[in-house]
Amino acid sequence: MSPSLVVNGDLVPVKSGAVTGRVASVYSEVQASRIDHALPLPSVLRNPFKIVEGPRSSAAGNPDEIAKLFPYVFGQPSAMLLPNDTDSLKQDQKLKIGVVLSGGQAPGGHNVISGIFDYLQDRTKGSILYGFRGGPAGIMKCKYIELTPDYIYPYRNQGGFDMICSGRDKIETPEQFKQAEETAKKLDLDGLVVIGGDDSNTNACLLAENFRIYAEMIGNVMIDARSTGKYYHFVRLMGRAASHITLECALQTHPNVTIIGEEVAAKKQTLKNVTDYIVDVISKRAEIGFNYGVILIPEGLIDFIPEVQQLIAELNEILAHDVVDEGGVWKKKLTSQSLQLFDFLPEAIQEQLMLERDPHGNVQKQRKCLFKWPETELEKRKQEGAYKGQFKGQSHFFGYEGRCGLPTNFDASYCYALGYAAGALLHDGKTGLISSVGNLGAPVDQWTVGGTALTSLMDVERRHGKFKPVIKKAMVELDGAPFMKFSSLRDEWALKNHYISPGPIQFIGATAYCCQSHSTPGTCCPILNMTKYSYTEMEVQIYKNKTRTSSNVGVDILRVYFLFLGSHVRILMLYLFVPFLDDHLCDISSLHESGTSLDS
């Protein structure tokens, strides 16, 4: 029998050979082998379990403000899945769940969907999983596909977000909320799963995929640098505000210089301080005959430099409320220190700082000329006789290359477990929680599954001239084990070429089941083993209207929920914590401030 799909409510027969999604028959040998790779589940998810609630929660910052914004979910208790003699959930319950991909791609996203689908198939026979196509716009426009075993199969353990495709549209106006509500009613949804993420790398743990792909690329660049002996490679790594990816890549590859933004901020270093540090290393290496090297720089470095932070904050306010005139009258609103710094910056950097901000308030384009300041300082030192080497710089940006590769065994298992756990939490009707899988350094069988209150991770930030609720950024901890390990070794790496080329991701063999770190032999990546945040590497957010009746939607109870204001559905959001995903679902303060209601 030919497979069939439901697209916008119509049953569409799929003819043999028709392309409705991916075609596994054209996969490479490696891709094909990954489809049927068996994924273990934590013991608690394979056996009968019960869900036990913990104490009342608070917020990561400004709890009073968060409580005002989210009065119905603030203070939600945590939850933990524990072994039980019998299943506490009804096995005959049939659910209708929607799933949507939002923001940039991340390894393991397809496995999240697979995990949700398999939970529904295993524990709630007859349930339906709808995939909204093209991101949040698919919800508003009611563009969906009913996901089936045949359709999902070729996406299992594969990279990308193309099963239903992603998007960056926001659901924020009353009209858009109304459209979303109508979609929920039309499909009679019990819940919605949004696979996306916060824009600021909230978690200290990142999926191993990014570490491995970027580390492999850095290792290749190191071999090239050593082979030619004449280039300094400045590698900027995706990560926005936090430097976690940069730190982990440094631990895996041993570059000559690594700048950690959080350290720059803590030491209140200026742009000149950072430049001088890089130039000092280059000069010392030249003295011992090395006119080459590799320098890692986090994407958000300039934002960490206090003087630049102040300048950007002032520019944000000006761009949000004033017109930037060509005559430069707007500059009078800058403080003298910020004006002096702005005039000091190269014209290309000035232009980038004046661009319109992205939806999250970030400077849109990163600084292209990574080596221009060191180059200028080196030329100055050469004229003074303090530098006699030869300098040639090459700049790289490693970001998009790491987003859609095949998930590692860890990524695949972890994301699948999160999706499966999401199904369990949704099935139980928990609300306002962040579902997490913990104890990640142990075998999968010993992983723990629980839930943390969403609002416990939230704070407020000023964006576009207004305060907005966001998931609080979790930055590199300078007293944490990963940074301390790096700090103890970086001086040695600066002058000695201890380069490591980790090579590509392995699916079989000794290193297949962990993202091995050469700085801590025999262990998985330090970020998993040494940080206290490892239990929330990926998170699931669950919402439910507890006052649902057969005829009364109960608008007020959901008035400040993230999505489907006025809808009866439970809303579950699963966040892949990688640094390049948006947090459009957190941007609802404007509706709250205006008292917008969808009661009608």
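Cβ from N, Cα, C; glycine included.
Here's what TrEMBL has on this protein:
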type	residues	note
DOMAIN	96-212	domain 'Phosphofructokinase'
BINDING	Gly104	diphosphate binding site
BINDING	Asp198	Mg(2+) binding site
SITE	Asp199	site 'Important for catalytic activity and substrate specificity'
BINDING	Lys230, Tyr231, Met238, Gly239, Arg240, Glu299, Tyr400, Glu401, Gly402, Arg403	substrate binding site
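Sequence features, as recorded in TrEMBL, placed on the structure.
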{"residue": "Gly104", "record": "diphosphate binding site", "Cβ neighbours (10 Å)": "23"}
{"residue": "Lys230", "record": "substrate binding site", "Cβ neighbours (10 Å)": "12"}
{"residue": "Met238", "record": "substrate binding site", "Cβ neighbours (10 Å)": "24"}
{"residue": "Arg240", "record": "substrate binding site", "Cβ neighbours (10 Å)": "23"}
{"residue": "Tyr400", "record": "substrate binding site", "Cβ neighbours (10 Å)": "11"}
{"residue": "Gly402", "record": "substrate binding site", "Cβ neighbours (10 Å)": "27"}
Q: Compute the C-alpha separation of Met238 (substrate binding site) from Gly104 (diphosphate binding site), stating it in Å without decimals.
A: 12
Q: May I ask for the distance between the residue listed as 'diphosphate binding site' and Tyr400 (substrate binding site), taken between their Cα atoms and rounded to an integer number of Å?
A: 9
Q | Stretch-averaged pLDDT - the domain 'Phosphofructokinase' (96-212) | A | 83
Q.
Based on DSSP, tally up the residues of the domain 'Phosphofructokinase' (96-212) by helix, strand and coil.
A. 46 helix, 20 strand, 51 coil
Q: Please state how far apart, in Å and to a whole number, the two most distant Cα atoms are among Lys230, Tyr231, Met238, Gly239, Arg240, Glu299, Tyr400, Glu401, Gly402, Arg403, the recorded substrate-binding residues.
A: 31
**Q.** Three-state secondary structure, Met238 (substrate binding site) (per DSSP)
**A.** coil
